[in-house]
Amino acid sequence: MCILIFVGNNGETYFNTAALVSCVQNFPKSRGPVVGILKGFAGLSGAILTQIYTMIHTPDHAALIFMVAVGPTMVVIALMFIIRPVGGHRQVRPSDSSSFVFVYSVCLLLAAYLMGVMLLEDLVGLSETVTTLCTVVLLFLLLVPIVIPLLLTCYFDDSCPAQESLLPVPQKEETGKSGESTEQHEVILSEVEDEKPEEVDLLPASERQKRIAQLQARLFQAAAVGAVRVKRRRGPHRGEDFTLMQALIKADFWLLFLSLLLGSGSGLTVIDNLGQMSQSLGYSDTHIFVSMISIWNFLGRVGGGYISEIIVREHAYPRPVALAVTQVLMAVGHFFFAMGWPGTIYIATLLIGLGYGSHWSIVPAAASELFGLKSFGALYNFLTVANPAGSLVFSGLIASGIYDYEAEKQAHMHHNIRSSFWRMLSGARLHDEEPLKCEGAVCFFLSSLIMSGFCMVAVILSVILVYRTKIVYAHLYQKSLT
């Protein structure tokens, strides 16, 4: 259901954020795959809606605007009657792995199918009947994932002992206990986190729990006799629930934000200017590269969530490790754009698309792990500000300024040559009022090198975040670091 909401609400940030938050809360131990799949379909929704509009084949552009304006609301209204609340603490099932594999297979099939249809429409041209048939197949592929909840509802046994409790079961307080004792208990637990040696977090899970229990018992005993004075807790620790204001004063949050700004901002700049970049390198069919980067963006979002989940689940490494790797790939892609070697635009488009898409499956999952799910909606919406802010800096100031400078320089050069030629023939003066246009690799050479350098800065920020949070991930995923 969340997939349909994301596809139907292309551009509707409120609906997409609500769907993302609810799905992450319902599947807290599959955050990477869930975020990757949802964000992937959000990135692919533009191509899906374009294909649907192509099937309608109406010359009235108001119909397209009406479909985009009314469609999201109709999708939400249609699905609100069949969505039911689920227990997030009962969401680990033996069939989860096979279910995610099935959805991933559908994602790959859908991406390949859309790529093929768009290439056929651009290069060959399809009749109205064939376009309608292709759109019907597309809608069928979108509805295929509904098979999973139907099968689970009809055949899954709710009493299966393999279900895992993800959230701590609240213990009932005795009637005679006062609120003061409960508060003291929470303060003691906070004191344990502050006073325990760092090497405790590096121990295996069983040994670590034993050492923490011993330290907690000693603190309780000392506090009871007044031997120690327990400090009051000043805020949540990493991995607990933060509010937005609490997160804004943490260095980890700003490291994540700045890394996202530099990485996704440079990627969005390439996506926005890909038409001009391909034209400047001598390619006439620019729409092919635009279609390709959309598919790579989709695969990056889906694959980034899957790979980052393997990293944290199998090895207990911090999720920003995957973020650093994707930013290295983006730096290489920007370097290929700067060089402008023959054929490298295909490799650069692949690397930039995969890297940019991966940011939007890795960062939300990492934010939910480090700062909790209680205020995840506010945290996620604040992190999304990094995307337009990065695009404003890289595209609005750097890339456009350098492009205009090179275009003006080429225009003056051409104008001087042509003016001299006309003066030799007739003494006339040429008035060239054509729009500025830059040709050659020089148009985006400097801006691509700058973005490549900033991607390496983003890698450094991600590595710092990895170093600061490695103990947190070891604790969250019950692994020992060696």
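Yeah, the Cβs are placed from backbone N, Cα and C, and that goes for glycine too.
Taking TrEMBL as the reference, the stretch among 13-30, 283-300 described by the feature transmembrane segment is residues 283-300. Across 37-56, 283-300, 379-403, 444-467, the stretch most heavily in contact with the transmembrane segment (130-156), judged by Cβ pairs under 8 Å, is 37-56. Most Cβ pairs under 8 A with the transmembrane segment (321-339) among the ranges 37-56, 253-271, 444-467 are made by 444-467. Listed stretches 99-118, 345-367, 379-403 were compared with the transmembrane segment (444-467); the greatest number of C-beta pairs under 8 angstroms is found for 379-403. 283-300 is the stretch from 99-118, 253-271, 283-300, 379-403 with the greatest number of Cβ pairs below 8 Å to the transmembrane segment (345-367). The stretch in 37-56, 99-118, 283-300, 379-403 that contributes the largest number of Cβ pairs under 8 Å to the transmembrane segment (253-271) is 379-403. If you look at the transmembrane segment (37-56), the same-chain residues 6 or more away from its ends with a CB under 8 A from one of its CBs are 2-3, 6-10, 16, 19-20, 23, 63-64, 67-68, 71, 103-104, 107, 110-111, 114, 117-118, 121, 131-132, 134-135, 138-139, 142, 291, 294-295, 297-299, 301-302, 305, 357, 360-361, 364.
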